Amino acid sequence: MNAIHKRMLAPSMLSGDFAHLADDIEYVNRSVADWFHIDVMDGVFVPNISFGFPVMDAIAKYASKPMDTHLMIVRPENYFERCAKAGTQWLSFHYEATHKPLEALRLIRSLGMKAGVAIKPATRPEILEPLLEDADYVLVMSVEPGFGGQKFMPDALPKVRTLRELISSKGLDTLIQVDGGISSSNADAVFDAGADCVVAGSAVFKAADRDAECRAIKGL
Ligand code: DX5
Ligand code: ZN
């Protein structure tokens with residue numbers, strides 16, 4: 001049992017200040033946020049390149065909360081072991097990036113991590129049904145993956161509701177994470193639809209009052 005059903009927040013370090021990343025890591029450590037969200041992009045699966053293992057290792061060194069790594073890369077399986085070595089506890093890959101999503105989830109679990117599968121906005125949530133038993137979490141993208149700071153796509157909400165129903169009907173405790181364009185202005189709607197965890201990058205790091213924004217997202 002994961003048994004973490006509450007409003008969780010995973011700030012995306014992609015929106016941090018890379019010249020002063022330690023400050024932003026320390027911020028998350030002492031904030032009400034729950035996880036570090038680490039966005040890895042390869043310039044192939046998505047039209048942008050973010051960062052790789054040197055940065056992930058550096059974050060791991062200072063992070064006192066779990067790291068949740070979101071791989072937006074082709075051939076994700078090739079990097080699961082390296083992510084485990086970097087200390088990631090939660091690891092997601094994209095359904096659209098592999099021909100063997102079930103094997104990928106099982107591989108992540110066999111490496112001692114929590115396994116997640118992510119879907120892009122155009123991907124139907126029902127295709128995840130046969131994977132739910134092997135997934136600790138599913139990630140519904142509410143923007144096209146590739147960039148922080150985009151506008152939330154409300155089409156994600158019915159997808160979250162569908163997944164919540166599927167997960168409940170199977171008696172599972174797979175968590176639902178939603179990622180992209182989330183802030184205190186729409187977090188209630190996302191959690192009401194059935195999400196357990198939201199990712200927020202620009203909303204947290206660009207906020208005038210970060211503490212107030214994190215608390216509002218979590219409904220505190
Ligand atoms: C987008 C990433 C997101 C993004 C979130 O491809 O997966 O995690 O950094 O940033 P905001 O919250 O600014 O949309
Ligand atoms: Zn992400």
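Glycine too: its Cβ is placed from the backbone N, Cα and C atoms.
Now, the feature entries from TrEMBL:
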BINDING   Ser12, His70, Gly146, Phe147, Gly148, Gly149, Asp179, Gly180, Gly181, Gly201, Ser202  substrate binding site
BINDING   His37, Asp39, His70, Asp179  divalent metal cation binding site
ACT_SITE  Asp39  active site, proton acceptor
ACT_SITE  Asp179  active site, proton donor
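Between the listed binding-site residues, namely Ser12, Ser202, the fewest other CB atoms within 10 angstroms of a CB are found at Ser202. The residues near the substrate site, meaning same-chain residues not in Ser12, His70, Gly146, Phe147, Gly148, Gly149, Asp179, Gly180, Gly181, Gly201, Ser202 whose C-beta sits within 8 angstroms of the mean position of the site's C-beta atoms, are Leu14, Ser15, Asp39, Val143, Gln150, Val199, in sequence order.
Highlighted here are the binding-site residues (Asp39, His70, Gly146, Gly148, Asp179, Ser202) whose C-beta falls below 6 Å from ligand 2: Asp39, His70, Asp179, in sequence order. All protein chains shown were included, and the count of other CB atoms within 10 Å of the CB of Gly146 (substrate binding site) stands at 19. In the three-state DSSP scheme, Ser202 (substrate binding site) is classed as helix.
Every protein chain considered, the tally of other Cβ atoms within 10 Å of the Cβ of His37 (divalent metal cation binding site) stands at 29. Look at Gly148 (substrate binding site): DSSP puts it in coil.
Other than His37, Asp39, His70, Asp179, the residues of this chain whose Cβ falls within 8 Å of the Cβ centroid of the divalent metal cation site are, in sequence order, Ala10, Ser12, Leu14, Ile38, Asp68, Thr69, Ser92, Leu139, Val199, Gly201. Across the fold, the C-alpha of Gly181 (substrate binding site) and the C-alpha of His37 (divalent metal cation binding site) stand 14 Å from each other. When Cα-Cα distances from Gly148 (substrate binding site) are compared across the binding-site residues His37, Asp39, His70, the shortest belongs to Asp39.
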